[in-house]
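Enquirer: Copied straight from TrEMBL:
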- 80, 88, 89, 90, 91, 215: FAD binding site (BINDING)
- 529-539: compositional bias 'Polar residues' (COMPBIAS)
- 78-101: domain 'Glucose-methanol-choline oxidoreductase N-terminal' (DOMAIN)
- 250-264: domain 'Glucose-methanol-choline oxidoreductase N-terminal' (DOMAIN)
- 527-549: region 'Disordered' (REGION)
Ligand SMILES: Cc1cc2nc3c(=O)[nH]c(=O)nc-3n(C[C@H](O)[C@H](O)[C@H](O)COP(=O)(O)OP(=O)(O)OC[C@H]3O[C@@H](n4cnc5c(N)ncnc54)[C@H](O)[C@@H]3O)c2cc1C
């Protein structure tokens, strides 16, 4: 019998398996519903564009959203070893210190202030560029600065012309400005947590990895999780854990599994004929996500990566990568972006931008009529709207009902409009003048905030960052306590994106990595590293020179 069963071999699960099995006297089983990460596109940074559809995701759609004209949205979530870290866009950002300080002071999550979690960010990071008190250079996770596409460089210049200062490092405690993103890559290859953490440990005799193994239920006896039921090769199987069951099935998978196991809101479970083991009303609540809105411009020539849609150019790029490990194949496409204010009353920037030197890269976004385009998308980083994950039925094979409830709060919609206006401002700067022929989306005819609001409602889409559905908190109503233990049960923790009480002000993977690193210490009872007070909370005051900024 293993000591620990980890359910879900995604970003967090691979880290926990690697860290917990460092002790040879402890045995660990990692269970992943999806296949091994053998698809070659996973490992090519550019392969991201193929990942938002296809066989390595769960194929979810959201429930119709009231504030998005009743639309459903495709909702790509990974179903493969490495989870999101195997299919994501590899943009490496931590959020801002104030996010974690808020968890600590406002949500009662003792031990989660930025000073206390910074040592875990540093422990994880093997940065190829930045060192010093904010960064790690020896950690397992490859973090690299890229060789940006020429059009990406144009974006960074245009953003400065629009009034955003250049920012070299988005992870040094301050975010405002525009610059080049670092990515979770190492020497031109994706650095997923499966590659960075798990693979080097798979020879350990105390660690067992099982892929294509879906956990259908956590088994609870006398108030304690004692094991799981697995469905593998069409057969059900019971597996017992000596110490703990650790759930890392992600912001959709974790609440689903708890509820299927009878842990969740009693009335909802009862409605599906599930025996209530533990009434925990907030399981599946508090789901939230970033809501992207894309501004797409048409280029007057093949200045971006759209030229690689042609076979001839693909062959050139393939050869460059094969010979030198460089070029467009080694790029995550989303090479630059920035952070700026929509609401000036906010202490830290509240809008994040991603620039893509192409159009129609991700699932659900069309390309431009002329064939060559570029995309500047933005989202409000601290949405106030809250939704839920609930069960469709008691059958583990059924997808849950996912309702991020985007734009339910008017405030979020206003920030989406701000994001579009700032994106337009950047794309209309002199640096872009010789490349852009016209705005494709929303299109020049879409003028004024009311028209942009309609556009955001019709075109807003998930930025693939669901969090919060098994909320951590100091209060009795939270799903997990600050040690990530499921309230009211023994031997059971949730340690993934679902525990974030509030989403971080950026992409989410780095924060999940930190959560898993910290969870590993908490699970084995290792003392937490000393808090590290090494960022400045200075906020700059605007400084933009254009009318909008
Ligand atoms: C398309 C996409 C692009 C993204 N881009 C970025 C980016 O550029 N930068 C960034 O920082 N973040 C990005 N993210 C977000 C980031 O990757 C996620 O926040 C992170 O991966 C979440 O980690 P997790 O461990 O909580 O869940 P996941 O990594 O999703 O892992 C959950 C795992 O559990 C498995 N599982 C679920 N249910 C079961 C079950 N019942 N039994 C067994 N296994 C189960 C799943 O198959 C999955 O592998 C992106 C995400 C996506 C999907």
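Using the three backbone atoms N, Cα and C, a Cβ is placed for every residue, glycine included.
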Enquirer: Which of 80, 89, 91, 215 has the fewest nearby Cβ atoms, counting only those within 10 Å, among these binding-site residues?
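Expert: The binding-site residues 80, 89, 91, 215 were compared, and 91 has the fewest Cβ atoms within 10 Å.
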Enquirer: In sequence order, which same-chain residues at least six apart have a C-beta under 8 angstroms from residue 90 (FAD binding site)?
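Expert: Within the chain, residue 90 (FAD binding site) has Cβ neighbours under 8 Å at 45, 48, 183, 184, 185, 190, 191, 332, 334.
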Enquirer: Name the residues of the same chain, 6+ apart in sequence, whose Cβ is under 8 Å from the Cβ of residue 88 (FAD binding site)?
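Expert: Long-range Cβ contacts: 48, 51, 78, 184, 464, 507, 509.
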Enquirer: Where does residue 90 (FAD binding site) sit in the DSSP three-state scheme?
Expert: coil
Enquirer: Under DSSP, is residue 215 (FAD binding site) part of a helix or a strand, or is it coil?
Expert: strand
Enquirer: For the domain 'Glucose-methanol-choline oxidoreductase N-terminal' (250-264), what are the same-chain contacts with Cβ under 8 Å, counting residues 6+ beyond its ends?
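Expert: Contacts with the domain 'Glucose-methanol-choline oxidoreductase N-terminal' (250-264): 7-8, 10, 33, 58, 60, 75, 77-78, 83-84, 215-220, 274-281, 283-284, 287, 389-391, 394, 396, 400, 402, 466-470, 479, 486, 489, 494, 496-498.
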Enquirer: Tally the residues of the domain 'Glucose-methanol-choline oxidoreductase N-terminal' (250-264) by DSSP class, grouping H, G and I as helix, E and B as strand, and everything else as coil.
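Expert: Counting residues per DSSP class in the domain 'Glucose-methanol-choline oxidoreductase N-terminal' (250-264), I get 11 helix, 2 strand, 2 coil.
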Enquirer: If you measure every Cα to Cα distance among 80, 88, 89, 90, 91, 215, the residues said to bind FAD, what is the biggest one in Å?
Expert: 30
Enquirer: Per DSSP, to which secondary structure element type does residue 80 (FAD binding site) belong, with helix, strand and coil as the options?
Expert: coil
